[in-house]
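A short write-up of the structure that comes next.
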Amino acid sequence: MRFLNIFLFFAVMIAFVSASPVLEEEEIDIEPRITCDLIGNERLCVVHCLAKGFRGGWCDSRKVCNCRR
């Protein structure tokens, strides 16, 4: 009887877990212009690129930070 209770418990838990909906990942909205619009103009872009492991960066005419390889 005890084996049956344990088996039913695990069967119900497996059914519960498999029936629950999978949560969708939230999309991350990245704003690339933030480093070129803030105080410091291109300096913040360079620091951002250096922190990501690049050799530097610059802001283009659309105020988007571009990192050098």
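Here, residue 1 is simply the first one shown, and the rest follow in order.
Cβ atoms are placed via backbone N, Cα and C, with glycine included.
Candidates considered were Cys49, Cys59; the recorded disulfide partner of Cys36 in Swiss-Prot is Cys59. Looking at the candidates Cys45, Cys49, Swiss-Prot gives Cys49 as the cysteine bonded to Cys67 by a disulfide.
Ranked by how many other Cβ atoms sit within 10 Å of their Cβ, the disulfide-bonded residues Cys36, Cys45, Cys49, Cys67 place Cys67 at the bottom. Cβ contacts within 10 Å of Cys59 (disulfide bond), excluding its own Cβ and spanning all protein chains shown: 19.
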